[in-house]
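A.B. asks: Handing you a structure now.
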Amino acid sequence: MPELPEVETVRKGLEKLLNDFYIERIEVLKERSIASNGGSKSFIVSVKNSYLGSWERRGKYLIGSLLTKEKFSKGFLVVHLRMTGQFKLLEKEVLACKHTRVRFFDERGRELRFIDIRNFGQMWHVPSSRSIPEIVSGIKRLGPEPFSDDFNSHYLEEYLKKKTRSIKSALLDQETVAGVGNIYADETLFDAGINPKKESRNLKSTELKRLCNSLVKILNISIGEGGTTFSDFRDLEGINGNYGGQAWVYRRSGKNCKKCGEKILREKICGRSTHWCPNCQK
C-alpha cells in the first residue's frame, strides 16, 4: 500500500502536471471506485467542468481543489489509493487498460487515468458547502501529521502511556500518527534502535524522542527518492520510487544487518510481517 512518501510523491506530480487541467469529461468504469453519496452519476455531474487546482495530502489521502473557470471553489476531489491505486497522465486518449477505473479528460484531449489492480481505491466529491471530514469519515480519525508541530515526544508519551500493544502496532494505527505503514514503521524502528515488540507504554522519553526524529528523517529521505516501489507503485509519469534499494531492514529477512552484521529477522507482529535486527533494536 502506498504510504506517506508515495502519496506525497503523487501529490507533487498532480500539482506540477495538472495546473491547467480543465475536466471536460469523466468516465467511471468501476462504480465501487466512487465512494461519495449519489455514486458515479452525481460524482460526474459535480466534478466535470472544473479546473484541478492545488493538491494537499492528509495522511494517505489526496485532496485536490476544484475550481470554476472563474476560479471560484467547486469543492474538493478526495482520493485514497489504498493497495494499488495509481494515476497516469496521458497526452492523448488511448484505449483503457484492463484495470482502468476512472478516466478524466481535459479540453486538450489529455487523460488523467486512475488505475487500480486490486480495486480498493476510492474517490469522493466534497461540495464547497461541506467540510471534508463530514464526507470522508476516515479523515476524522487521523492522528497528527509527522511533520507537524503536534507530533512530538510529549504527544507520544501522553498518547501511548496506557497502551499495552506493541510499538509496531501503534505506529501502524492512523490515529497515532497519519500516513505511516509497514515499510516506514520497520525502517523507523530500526533507525531509532527500538524493538518492534516492545509495549508502547514502556518506551522511555529518550526512546520516544529518537522515534520522532527517526520517523521524520526516514520519511524525508524516502520523499526525496520518490517513495518506494516493491510491486505496483509508480508516480504520475510511470517512474518507480527509489527508496527500496536503501532499506535497512524492510524485505531484507535473512540478510546481514548493514550496521552490525546480524541476520535480519522477519516475524508476524500485530498480523503484519515485521523486519528487524535483534542486535540493533533493544
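Here, residue 1 is simply the first one shown, and the rest follow in order.
Using N, Cα and C of the backbone, Cβ positions are placed for all residues, glycine too.
On a predicted model such as this, the values are computed, not experimentally measured, just so you know.
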A.B. asks: Choose the correct range: of 143-177, 213-247, 248-282, which one does Swiss-Prot annotate as zinc finger? Give that range.
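C.D. replies: From Swiss-Prot, the annotated zinc finger range turns out to be 248-282.
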A.B. asks: Considering each pair of residues in His99, Arg118, Lys163, all listed as binding DNA, report the largest CA to CA distance in Å, no decimals.
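C.D. replies: Pairwise Cα check on His99, Arg118, Lys163 gives a maximum of 41 Å.
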A.B. asks: Which ones in the same chain are close to Glu3 (active site, proton donor), with CB under 8 Å and 6+ residues apart in sequence?
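C.D. replies: Result: Lys60, Gly179, Val180, Gly181, Asn182, Ile183, Tyr184, Gly227, Thr228.
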A.B. asks: Whose Cβ, among the recorded positions Lys60, His99, Arg118, Lys163, Arg272, has more other Cβ atoms within 10 Å than any of the rest?
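C.D. replies: Of the recorded positions Lys60, His99, Arg118, Lys163, Arg272, the most buried by Cβ count within 10 Å is Lys60.
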A.B. asks: Would you count the other CB atoms within 10 A of the CB of Pro2 (active site, schiff-base intermediate with DNA), including those on all shown protein chains?
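C.D. replies: Result for Pro2 (active site, schiff-base intermediate with DNA): 28 neighbouring Cβ atoms inside 10 Å.
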A.B. asks: Looking at the binding-site residues His99, Arg118, Lys163, which has the shortest Cα distance to Pro2 (active site, schiff-base intermediate with DNA)?
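C.D. replies: Closest by Cα: Arg118.
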